[in-house]
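One structure below.
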């Protein structure tokens, strides 16, 4: 290492010595510094040699000396050595990294430099008169280049790489390329020239020294023997020579699986058992072949190639466990056959043609299946049953039969029942011995076209063995319903209608369903209207005459007879209501209501409202007086004709003395009811301290308020008021 540095230092000194004529310029202002020549015209041309010009200085990086590192010297031809010339330095690092002696022009580096941080510096220098500051030389640019040394080791982009390569690969198969970088100068020496080598991983892998490509070095590496390898790669600079710096990285290599291992059954024969009651599709058992490969290469397919159970069983592959699942293909019967034998083959799902020579990639095994006997439930001869019955079938009639048997060798008797949850209305019953189905009620197709019931058959000796079968009962139609109007019709006829005018088109419906379809006939017998059958299950209603009058007849009821064509023929009479209405000249209805008739009679709507309000007011007054009379707490002052001592009469009329017998009737003083009548008919100045008088006084006030509130016509109001007082004056409300 020290020897290399000394050699490098000697080389630099030689370069510096050879560069002195370039680094140091001397002004040639005398005649010797002038070159002359003549042109074709005989004129003399003069060129002055420049003495103030530099190109490049070179300085070593990572200098470790105690003194500042010397870079170079600047000198002007105008410097006579008398100290009158001053050298000035500026540019990158001037004053901080590089320092110049203003008198001698020597340049030194004040700091330790790192080429990897900055490879060169660009500066410029000028010579000026120390005393006057006038420039003696123009600014001159130059570069200080930092010379590289091997101070950086190679570095890989990752500390650990991961790679894969298929197993059984040929020698030289590329695995991965790993590269390192060196921060040293690639253009100078071998400091950045790298060489790759493998430190760990032989003899399985090798590495290309120049580019770091890792390749397989052994043939037929088998993943099943060893799957993972760890390889250590070194990168060394100085072209791999002694003394160079180095770096390492780890490469983890995994062998990828290929389909080079055939599947094999661990046994040549297997024995399974299954109960005879096993449903179709239910599993019988599992067998599995082994394959040393993994993933896609270990996927297998199983098939049944031969055996007497080829039609009774099937085999599928479990995608997760790669097991063969043998399932029931057809119903089993212990009494029919008790033992089956199968030959099951296995093969890889995906074969690799490159490794077929390592086969065969198939294997086979024998599977014996024993059928176990179980106590089976009864079996119906059909499933389901469909029974047809006429809707007029009488209750208690037989409509069909179901049959079940015990499939076991003992052949136990069977008992039949109806699941009542499927026959909540209890329309049917069944004979528990022979399975005959009866009706308990008459059936109506228009209520329900189908009846779905469930019948259970169980062994008499073992009630737990039950089998159910659905029975669909279809109710056949008979013509037992008469046709009727398809909808409710609102029909009207104008008063000014003409004879033969169409007023309504009618149609009919029938809940029965004849095989040949519906065909209805319509008929009508009426002197005012006629009917025409359209022969398409519709009919037209027309007028026989014109000149209808609402006052004479406002409503016509037409009995329309509708009959069908099925057997037996059914007919019905539907009533069509026709209203007589007032229409304009275009036949548009203006009014069909009763109010229009009243308006034509001359009684206005306001009059009808006034009459209604008066009746309501009268009822209110009657109720009010009845309530006031019930609240009376004292008896009348005059109980009999003899008790007149406490009666006081106050009036404002002057009499003629004892002989004036026409002014008043003393009987009036004794009869308050007469006084009440006089009060009502104009005697307003007499105030009687009597309950009747007080009530009448308050009623007048109430009536006046009601008249003001409702604005009732005075004539109508006086009529009802007189009617009311007539009843009150005749003790109509005496308690």
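Cβ atoms here come from the backbone N, Cα and C positions, even for glycine.
Unlike curated records, TrEMBL annotations are generated automatically.
Fair warning: this is a prediction, and the values are worked out from it, not measured in the lab.
Per TrEMBL, the features are as follows:
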SIGNAL    1-21  signal peptide
DOMAIN    76-156  domain 'Cadherin'
DOMAIN    157-265  domain 'Cadherin'
DOMAIN    266-380  domain 'Cadherin'
DOMAIN    381-485  domain 'Cadherin'
DOMAIN    485-597  domain 'Cadherin'
TRANSMEM  597-628  transmembrane segment
TRANSMEM  708-727  transmembrane segment
Suppose you look only at the domain 'Cadherin' (266-380); what would the mean pLDDT be? 91
Taking DSSP states H, G and I as helix and E and B as strand, how many residues of the domain 'Cadherin' (157-265) are helix, strand and coil? 3 helix, 47 strand, 59 coil
What does the DSSP secondary structure composition of the domain 'Cadherin' (76-156) look like, as residue counts for helix, strand and coil? 0 helix, 36 strand, 45 coil
